[in-house]
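Student: OK, Swiss-Prot features for this one:
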- I26, D72, N99, R132, Y163, K167, T198: NADP(+) binding site (BINDING)
- S148: active site, proton donor (ACT_SITE)
- S149: active site, proton donor (ACT_SITE)
- Y163: active site, proton acceptor (ACT_SITE)
- K167: active site, lowers pKa of active site Tyr (ACT_SITE)
Amino acid sequence: MSSATQHIPFRLDGKVALVTGSGRGIGAAMATELGRAGAKVIVNYANSKESAEKLVEEIKKLGTDAVALQADVSKVPQTVRLFDEAIKVWGRLDIVCSNAGVVSFGHLEEVTEEEFDRVFTINTRGQFFVAREAYKHLNEGGRIIMMSSNTAHAFAVPRHSLYSGSKGAIESFVKVLAIDCGKKKITVNAVAPGGTVTDMFHDVSQHYIPGGEKYTAEERQQMAAHASPLVRNGYPVDIANAVVFLASKEGEWVNGKTIGVDGGS
């Protein structure tokens, strides 16, 4: 077998990936690691133009190509436009990672209709229509990878019902969408991160730890590490590595599943 055609496990050379909400945080790590594996990457952002463009340059340094496309995927017409533009960049689309989302905390008696709609519009409705457009545009044998959370099924957090529920719906989506997408041999899965050290983590970590407001951000991070038997924090690259596996040929037989990426917490 010639080197030109030899399959290298977990490589994504020749593939094109779109990652929504990838200007920073976990999404940026997904885009970076997909690029490191050889994929060309479309970095989607809603507002973080500067960081998205910087990420594009970092991905190019890995020896592949990348572009940034703006769209707010909480708005379906913009999602439709994003995919129409994405398919024109390199003429194909093989991997779609639905990452954009927001966090929310509030006791049941405090939650307003406006907050409910904000969270579900982005975390649930937005992801559903990203998946719809992905199915329309992906090549046969493509990958759809959605974003859940370990709080959707394994880790109940007080005052976190909206967020947890919005992510729990994703786990139901992937089970059914995996069947719906079978005609095109597209697999549909989700990753469910635990606490992951990003700027968002530092903003909200006090909610996850009882009495968390009494501690500094650094102290809360150290305490969070003990949620895992490995006694370390999760980082965006941990989530991204799972995504690369699901996107690869080696991940083909995983379908309709939600993969917990939380260090056993």
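Using N, Cα and C of the backbone, Cβ positions are placed for all residues, glycine too.
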Student: What span in Å does the NADP(+) site cover, taken as the longest CA to CA distance among I26, D72, N99, R132, Y163, K167, T198?
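Tutor: This binding site's residues have a maximal Cα-Cα distance of 29 Å.
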Student: Spatially speaking, which of the binding-site residues N99, R132, Y163, K167, T198 is closest to S148 (active site, proton donor)? Use C-alpha to C-alpha, please.
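Tutor: Closest recorded candidate to S148 (active site, proton donor) by Cα: K167.
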Student: Which one is it: of the binding-site residues D72, N99, R132, K167, T198, whose Cα lies the shortest distance from the Cα of S149 (active site, proton donor)?
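Tutor: Considering only the listed binding-site residues, the nearest one is K167.
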Student: Tell me, by DSSP, whether R132 (NADP(+) binding site) is helix, strand or coil?
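Tutor: Reduced to three states, the DSSP call for R132 (NADP(+) binding site) is helix.
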Student: Which has the fewest other CB atoms in a 10 Å radius around its CB: N99, S148, S149, T198, the listed recorded positions?
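Tutor: Checked N99, S148, S149, T198; of these recorded positions, fewest Cβ neighbours within 10 Å: T198.
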Student: What is the total of other Cβ atoms whose distance to the Cβ of Y163 (NADP(+) binding site) is within 10 Å?
Tutor: 24
Student: Which of the three DSSP-derived classes (helix, strand, coil) applies to K167 (NADP(+) binding site)?
Tutor: helix
Student: Counting other Cβ atoms within 10 Å, pick out the least crowded of the binding-site residues R132, K167.
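Tutor: Checked R132, K167; of these binding-site residues, fewest Cβ neighbours within 10 Å: R132.
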